[in-house]
Amino acid sequence: MRPRSLLLFLAWAIPYAAHAETGAEAWLRYERVADPAALQRYHELPSRIVQLGENPIATNAAVELARGLSGELGLQTQQATTYGTEDAFVLGTPAELTNLLPGESQRQLPPEGFRIARERMGKHTLWIIEGGTPPAELFAVFRLLEKIATLNPQLESTEAPSAPVRWVNQWDNPDGSIERGYAGRSIFFDASHVRSDLTRAAEYARLLASVGINGCTVNNVNSDLRTLTPEMLHEFARIADAFRPWGVRLSLSVDLSSPQVVGHLPTFDPLDPTVATWWQKKVEEIYTLIPDFGGFVVKADSEGRAGPSQYGRTPSQAANVLARALQPHHGVVLYRGFVYNHHLDWQDLKADRARAGYDNFASLDGTFEPNVIIQVKHGPIDFQIREPVSPLFAALQHTSQAIEVQTTQEYTGQQRHMVFLIPMWKTALDTDLRAQNRSTPVKEIVTGKSFHQPLGGFVSVVNVGLDANWLHHPMAMANLYGFGRLAWNPDLTSEQIINEWTRLTFGNNPKVVDTVNHLQLDSWKVYEQYTGPLGIGTLTDIIGVHYGPGIESAERNGWGQWLRADHNGAGMDRTVATGTGFIGQYPPELARVYESLTTCPDELLLFMHHVHYTHELHTGKTVIQHIYDSHYEGAATAATYAPRWESLHGLVDNQRFGETLKLFQYQAGHAMVWRDAVSEWFFHLSGIPDAQGRVGHHSNRIEAEAITSTGYTVTDVHPWETASGGKAVICKGPEPCILTTKLNFPAGQYDIAVQYFDLRGGVSHYDLLLNDKPIAHWAADDTLPPAVNDRNLDGHTSTRFTAPSVTLAPGDTLTLRGTPGGDEAAPVDYIEITPVTKETPKP
Ligand code: GCU
């Protein structure tokens, strides 16, 4: 074949082979629509775009429309600012459209609502893109482009967001680090300053606007004490300038001690008049620099932050001072309900961190200024894999509230595990608290329907970083997309949201859509299965990095995330009858459901009750057998992710295909680390064997410490449950160390897995040889989450490499050579040799 025809052939045969995408475009890829029926349908769309309003947001809306239509339909458009007589898209507010469409200015469109409508004007067709305000024109354009990309036949729609507050919080620090950030350094800050290049900040605002998010708090809730200095405010103003053309308002996390620290007053007592005046002047200074400033987020009296309790004042006394300063400028205060004592007495069986939100805020209901919103984490503890909703939602009936969720996967695998969180958030939003003995689901409380509080909404901690694809795991972006969509309309289903996201992110190929949707939809349940089931908590290292298993870290300290596990049973007794009384904070109908073992749902059992391991669940299984089974089931399902994804080879571009595959392979191995750590730990404590004989019995496993070795020495691993048999081997180097073992497996095909530890301090190299012939080589430089910077062999660093389908015969000799690198001593836990079965992956 001649080179040119060869190229054409290749392009046709392997659609994505030469194609690489970084993920930077996220769901705004504007891929060309290929479906003939859809093309036919969209054929009539006009190629003229008339932008009636003169402001940067409306201009961005028109430019975005042109960009999207060009990408999706190959339509080359012309832009105009007045309407002539032709087919056209016309963008404007009701007032701007009034000359063209008589009666338009009377149209009731909420400020952030929009209308996409096809109308006839004489012989011509107008596509009206009307927004209550210019940001709503932008929302409309993004919605229209999303509908075209997902082949939706119904382009017309009229929509309005469910609530006014739809914000993201970034926990970025001035030095460029991000607290609980897992995708690189800050897009806003570096070396104590706002970055000079804010291109990514503007791109982030565009992404946020595309799903209807209207606010971004750019700095950590553990706010740097210099945040409110004049110098920093000038710098923040530059971020606000980058956000403004996308209709995203900047807000700041502030520390309540600022009047003292920044203002040099002798006090920050909220009731001191000089303090109130300081806040008022500071807010005026901010609004001269940032006229559309959104407001303040406040973390006070929590985890070491300063707060009003220092002066014997309440959260409402503190919040109201800030609120009064912001009120003339239409700013708001989001005062966080996350106030608790992290020095609880673990020996006190009545002590309970879950009670804190309600205990600190419920009695203050009705005392807050109207522009104060209490920002409440969805669960009463802290973003665990399963929690009931916070009872505070039902208690604040005269105060606006926003629900806080976490897109950054602090307790849910730190974007190294795929966990689609929308079903979790939906579970919280759909929980009917039955306040006043009537239907009051959380979503209706935060959107103001239940108690007529007009200012609430939705906040998510997101923590995107400089990684090209924003959140590191290509699949994690579904959570940011879904957050925006849910905040806009909490009645959307998880299925609708993922279906939109997958199509926008990977295209409309039915096989791709079906595979990705299924993978994502089950992933929360799967992660729960192999981490902390039955509401016990995530079971991670809670005083460390919150990533891998670290079960006992939750016990016997002041943080109050206790499992209360002993030889007989586990779980926190939060009943009114015998426990901490937490359940009594719920309205009576729901409290009754949780209080009784007969009606308490299994998935919250150990959150609400302390029970024996032999207690029978509603499924008929005992608690202990459920723990074993769910861990084995969850890890087995996680192991299907990579082969299911591999079935999409050639249907997804190379780069995202490869990145995702690598992460799925890693997740499969780490899910086993979780499975083994949790199962062995409960077996050890309870002494009750697994009815299926798996826990503690690993017939295909060869412990490294039991293999003949040259150079390796045995070491204890802490906590013990994070290594098989509690031990591993390390090579002190500098020469390589060797493990050699004679195999006696029947002839056949086997997967050979090596469980090792991947530390941050260096890069070891491993070689696997069969009868002295090399069969695999790898370097221990996997992308662990940035928080995992310890140099320990533990549940965070335990990692698995698998050499697939190796042909073995009895008497073969297997050799593992470990070469240390830097501070990493080529550690090995065990080798596991599993026969290859011809099972097809689960759908
Ligand atoms: C969690 C998290 C902290 C964070 C805190 C908060 O405890 O681990 O890093 O500061 O939540 O939400 O304020």
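Heads up, residue numbers simply count up from 1 along the chain you see.
From the backbone N, Cα and C atoms, a Cβ is placed for every residue, glycine too.
Taken from TrEMBL, the feature active site, proton donor applies to E303. Residues or ranges marked as active site, proton acceptor in TrEMBL: D382, E410. Taken from TrEMBL, the feature domain 'Alpha glucuronidase N-terminal' covers 26-144. TrEMBL lists 153-470 with the feature domain 'Glycosyl hydrolase family 67 catalytic'. Taken from TrEMBL, the feature domain 'Glycosyl hydrolase family 67 C-terminal' applies to 473-694. The signal peptide annotation in TrEMBL covers 1-20.
If you draw a 10 Å sphere around the CB of the residue listed as 'active site, proton donor', it holds 13 other CB atoms from the protein chains shown. Taken together, the residues of the domain 'Alpha glucuronidase N-terminal' (26-144) have an average pLDDT of 94. Taking the Cα atom of each, D382 (active site, proton acceptor) and E303 (active site, proton donor) are about 12 angstrom apart. Under 8 Å, Cβ to Cβ, and six or more positions away along its own chain, E410 (active site, proton acceptor) finds R180, F383, H546. Residue density at D382 (active site, proton acceptor): 21 other Cβ atoms are found within 10 A of its Cβ, drawing on all protein chains shown. Secondary structure of the domain 'Alpha glucuronidase N-terminal' (26-144), assigned with DSSP and counted as helix (H, G, I), strand (E, B) and coil, comes to 43 helix, 28 strand, 48 coil. DSSP assigns E410 (active site, proton acceptor) to coil in the three-state reduction, placing it in neither a helix nor a strand.
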